[in-house]
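Working notes, beginning with the structure itself.
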Amino acid sequence: ERSIELFSAIYVSVGVIVGSGIFVSPNGVFAAANYSVGVTLIIWVFGGLIAMLSTLCYCELATSIPESGSDYTYLTYAYHPALAFLIPWMNTLLPTADSILMLTFARYAVEPFFECTTPPVQSVKLIAICLLLFITAINVLSVKSAVRMQIAFAWCKLAAISFIVVSAVIFCMKDSSVASENFRNAFEGKSLKGISFLTLSKAFYTVTWSYQGWNSLCHVTEEIKEPGKTIPKASLLTIAAVVVIYLAINTAYFSVLSVDEMASSKIVALPFALKAMGGASWIVPLTVCLCTAGSYNGGVLTYGRLSYVAARRGHLPQVFRMLHVHKRIPIPALILNNIGSIVLICIGDFEILIQIFGFVNWIFTGLSSLSVLILRKRLPKLTRPYKVPTVVPIIMSAVSFFFVILPLLNNPHFLYLYALMYFALGLTFYYIFVH
């Protein structure tokens, strides 16, 4: 049922992108930029530019092939179903992003109740699973309820982020010495000389991870009103809004924290809160909880349709292509997605998985960007309500290839061999059980 209009689409998309990344990534990006304030802000803008270019490619694909499923659907048309099968294969068995969001929420939610000791691991996992099941239950009951909850999360996020920015402004009105020092020496020569290509590229990789989710609306194309108009407008407005949000938060950090304070904290939001907010520092953990919960709800609402679309093509058991007879919601597919997430939450330690499979998203992004050109040649008569300039998919294909090679250059590890074996196993399953 087409129940998502323009503003709902923007709320959903912003909610998916703005998760925990903006609170975890700034320190790593700042260190990779050799503690240069100016270069750090430029990197965050560059990440938004990459997200914008990629979004333009997906807008042409989504409007010319108005089917849900995003990369999975586009790779099926442009290449071979076996290659497309690897996407639901990965997302169903290893939904690492969903599990990370739930564990991040649980850690921030539980920690205030254990001020003197480290929270028990079991309590963190239990809270994560409870929230996961609660959000899934809302999505099972009604798409409209899930969208309304996403809109509520989005407004709460914006209110909390605005409070952070306003706190920085008030702090600067009282004491502007830190802000003056940071922005006056934003492009200090000593910092610029210490920047290397590998560290800078690592910063770009970290920043673009914070922008992940720019193609979220492509997963629910069939549930969007007038997708030919709504998807391009909503996607571009979303990226523009996220760039402004990320720049505002980083500027707030640099207005309150000195270079040494930024460099010494892995999660810069916590010392910022203590310094700028004092007794109201609890706002930051609350903001992180809202961002992660909202991001997961948006993920269930969008990426949750992937298993349904894959089953519809015969790539998963047919029970997962079923919709509720009245609500028209893919309930079996949503339940399937929960199983993998709960297993990973129970395991609890998947930093290695992130390192191994983090570059996989860029493989599929590169293939999808290139599929714009392939489909233009293979299906020239296809109606294209929106057409991206040819140079954009070429640039995005090259950028994606670079981000695939980058982890191998920065930190070559034999565990990447396991990633290749995992996909080889996926292809084996495809030819045995599907083909």
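In case you wondered, yes, glycine gets a Cβ from its N, Cα and C as well.
What TrEMBL records for 6-25 (among others) is transmembrane segment.
The transmembrane segment feature in TrEMBL is assigned to 37-63 (among others).
What TrEMBL records for 83-105 (among others) is transmembrane segment.
Same-chain residues lying 6+ beyond the ends of the transmembrane segment (126-146) with a Cβ under 8 Å from its Cβ atoms: 1, 3-4, 98-99, 102-103, 105-106, 109-110, 223, 293, 296-297, 300-301, 304, 327, 329, 331, 334-335, 337-338, 341-342, 345-346. The transmembrane segment annotation in TrEMBL covers 126-146 (among others).
Within the chain, the transmembrane segment (152-173) has long-range Cβ neighbours (under 8 A, six or more residues past its boundaries) at 11, 14-15, 18, 179, 245, 248-249, 251-253, 255-256, 269, 272, 275-277, 280, 283-284, 286-287, 290-291, 293-294, 297-298. TrEMBL lists 152-173 (among others) with the feature transmembrane segment.
If you look up TrEMBL, you'll see 234-256 (among others) marked as transmembrane segment.
The transmembrane segment annotation in TrEMBL covers 331-350 (among others). Remote same-chain partners of the transmembrane segment (331-350), defined as residues 6 or more beyond its termini with a Cβ less than 8 Å from a stretch Cβ, comprise 91-96, 98-100, 102-103, 121, 125, 128-129, 132-133, 136, 139-140, 300, 303-308, 311, 316, 319-324.
Marked as transmembrane segment by TrEMBL: 356-376 (among others).
Residues annotated as transmembrane segment in TrEMBL: 388-409 (among others). With a threshold of 8 Å between CB atoms, the same-chain residues lying at least 6 positions outside the transmembrane segment (388-409) that come near it are 50, 53-54, 56-57, 59-60, 198, 201-202, 204-205, 208, 355, 358-359, 362-363, 365-367, 369-370, 372-373, 416.
Per TrEMBL, the feature transmembrane segment maps to 415-434 (among others).
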**Prompt:** Which residues, given as numbers and ranges, are at least 6 beyond the ends of the transmembrane segment (83-105) yet have a Cβ under 8 Å from it?
**Reply:** 19-20, 24, 71-73, 75-76, 124-125, 127-129, 131-132, 212, 288-289, 292-293, 295-296, 299, 303, 306-307, 310, 315-316, 336-337, 340-341, 344-345, 348, 350, 353-354, 357, 360, 364, 367, 422-423, 426-427, 429-430, 434
**Asked** Which of 6-25, 234-256, 356-376, 415-434 has the most Cβ pairs closer than 8 Å to the transmembrane segment (37-63)?
**Response** 234-256
